[in-house]
Ligand SMILES: Nc1ncnc2c1ncn2[C@@H]1O[C@H](COP(=O)(O)OP(=O)(O)OP(=O)(O)O)[C@@H](O)[C@H]1O
């Protein structure tokens, strides 16, 4: 039911009219929701716009709604044209009682008023109460009071008053009623007008409330609208929030992906940097290696050049001397002829003028005596010159310093020749004396030549003696010698072992290793020192040249016809290959020495033929390192021994005739190439195989008829590391087992050679290596073992094992070496 209908309903019983239209004030105070903050503000505003609570509103505060002017308002009595309404005002107490609604309104209003909210404090039925007390013309018997007072405090008061009245007698009451009827009527009118006033007041209040209700409904609608807007905004923001959350999630995913990519990039970058660093280091090492090789090669070239120039100069000097001798001989011959002619001529002249110049002849005889003395002097000078020439011939070979002397001598000879010519020219004046002088000269020259031949013969004998003495020296040094070499530490290597060379200032024959620190039960830290002594110890500072000087005498022995075996023993990476086969290693140096010695010996009548072979022993099979690389593991190399000649023959292996120093380089590079090819097939094969360079030297002296045949074996043994340390498996295990077997066989052979009596069994056949070296180890040979030592602490255990093995070999004494002479 709307407010208008309700108002109309209210008007019916009373005939009062409510204003047709209640204009609700616009509510400017209600803001439009524009956002979350605005909504809060609007809510606050709307709350304030709602006004005070309803019970407060019942006090009728001005609400802004149009209200009838209170001055124009008229009471019902006024409207009905009853002028006395204003005169009879109810007592203030009765007005108060109506306000409290303890009394019911007039009967005509009862139906309408019954729909009004009742005061909950009242227990009365207002209509009923009103009916009982104010019904027109009816008074209930139960009403002991006059019945005009409402049941309120006023009523109570009435009741208490009635109570007093009830004590009055009924007759007196009836009288009173008749007397005061007019007063009662007045009083009723007053009451009616009072009720009307109250009703008006109530109606106004209702209207106010209704208008407020309308306002409130408007406000509610506005709030609902605003709420809907806010909810829409809220939903919008929620969607936006969800989108943002999705974006944030995406971004987080992107960030983590980017981070992962960055990490991957960083990792790959660091790998690349590491690779580049490794590559760079490798390149630097390659470059250093190449530079070193170039330097070494150029040094060798220089040495060769010096040798060549020396040889050329010597040849030239010899040629010059020969030319001078020939010139001298020509001169002598010409002079002789001229002298003969001159003599004949002079004889003729002398006969012609004998008589004429007899006195002059006497004088000439005197002069001839003088000249004879001079000729003798010249003859002495000539003898000296010849002696000098002879000395020059003896000394010229290989002595660069004496080349200068030779030049000086040549100059002196030239001067002497010149002087001689002058003297001969002078002597031409006396043919007799000159003839005698030249005869003498000739005789002396003959004698000098004979003496020179005697000297040459003596020299040859001395060479044979030198060989014998050299061998005796070698024997005194021992037929098996052991030398130790400690390689230098590379820059890339850390943690060096403590290796000392106590006698490096004097003999350099000792090496001392300091073992790891050990703590005993008492907590004392001790270090064990291992000392070893060998024939020679080379510190890391030593160069290949210094090492070669020690072994050059053995190389000489090979030229002299002995079997020589030089091998390098030690763990992988200890410097065996560097010592043996590097550019200036033992193999190139030994062959270079052999060449120059062979040339030197040529003038003593020796002619040498040299042949080189290079084989490897890998997994107990022989491979030819000078053959074609594709045949390396296919071609079967066999080793045979000629027991009668005590010679080793390699079948199916290439043997290269070494007719010049360049050939050695060629051999080494070919072997190196083959080993590199093999290394790709079996990893680190060069370290896992023994390589043996065999140089056969066959010499013959055309003058003495002597012959010699020696062999120089240069062996680079495989790495000697123990099986338990190498942790090898599969193919590597087999390799290591074979290496260990052959090395231990080598030890056994040396041991047997040292302890066995002549003719007893030596276990050469137990391994391919000892079988190959059968005639180069033992009684008929000279053996030198280099024990190579790594300078690192990590290799200390292996180093100690190697040095122990070397000490065992060093303590072995092998029987006297025998020179091999060809039948
Ligand atoms: N005396 C030295 N002076 C300078 N460098 C050396 C010396 N000895 C060895 N080296 C270097 O040490 C490294 C290992 O040496 P090398 O290859 O000769 O050892 P190895 O015992 O022959 O090893 P493997 O058994 O593997 O053949 C090489 O780089 C070599 O150049």
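Each Cβ is built from the backbone N, Cα and C atoms, and glycine gets one as well.
Look at TrEMBL and you will find 1-185 (among others) tagged as region 'Disordered'.
Residues annotated as compositional bias 'Basic and acidic residues' in TrEMBL: 68-85 (among others).
Per TrEMBL, compositional bias 'Polar residues' is recorded for 108-120 (among others).
What TrEMBL records for 139-156 (among others) is compositional bias 'Polar residues'.
Annotation source TrEMBL lists coiled coil at 192-247 (among others).
Positions annotated as coiled coil by TrEMBL: 277-356 (among others).
Marked as coiled coil by TrEMBL: 410-479 (among others).
Among the features that TrEMBL reports, domain 'Kinesin motor' is placed at 479-812.
With a cut-off of 8 Å between Cβ atoms, the residues of this chain six or more beyond the region 'Disordered' (488-511) that come close are 281, 531-541, 789-796, 799, 803. Positions annotated as region 'Disordered' by TrEMBL: 488-511 (among others).
Here the compositional bias 'Basic and acidic residues' (489-510) has, by DSSP, the following mix of helix, strand and coil residues: 0 helix, 5 strand, 17 coil. If you look up TrEMBL, you'll see 489-510 (among others) marked as compositional bias 'Basic and acidic residues'.
Here TrEMBL flags 570, 571, 572, 573, 574, 575, 576, 577 as ATP binding site. Residue density at residue 571 (ATP binding site): 24 other Cβ atoms are found within 10 A of its Cβ, drawing on all protein chains shown. Secondary structure from DSSP puts residue 571 (ATP binding site) in coil.
A C-beta separation below 8 Å, combined with a sequence spacing of at least six in one chain, links residue 575 (ATP binding site) to 485, 487, 788, 790. Neighbour counts of Cβ atoms within 10 Å were compared across the binding-site residues 570, 573; the minimum falls on 573. Among the binding-site residues 571, 573, 574, 575, 577, the ones whose Cβ sits under 6 Å from an atom of ligand 1 are, in sequence order, 573, 574, 575, 577. Look at the Cβ of each of the binding-site residues 572, 574, 577 and count the other Cβ atoms within 10 Å; the largest number goes with 574.
Taking the centroid of the Cβ atoms of 570, 571, 572, 573, 574, 575, 576, 577 as the ATP site, the other same-chain residues with Cβ within 8 Å of it are 487, 568, 687, 719, 788, 790. Close to residue 576 (ATP binding site) in the fold, though at least 6 residues off in sequence, lie 568, 569, 570, 716, 717, 786, 788, each with a CB less than 8 Å from its CB.
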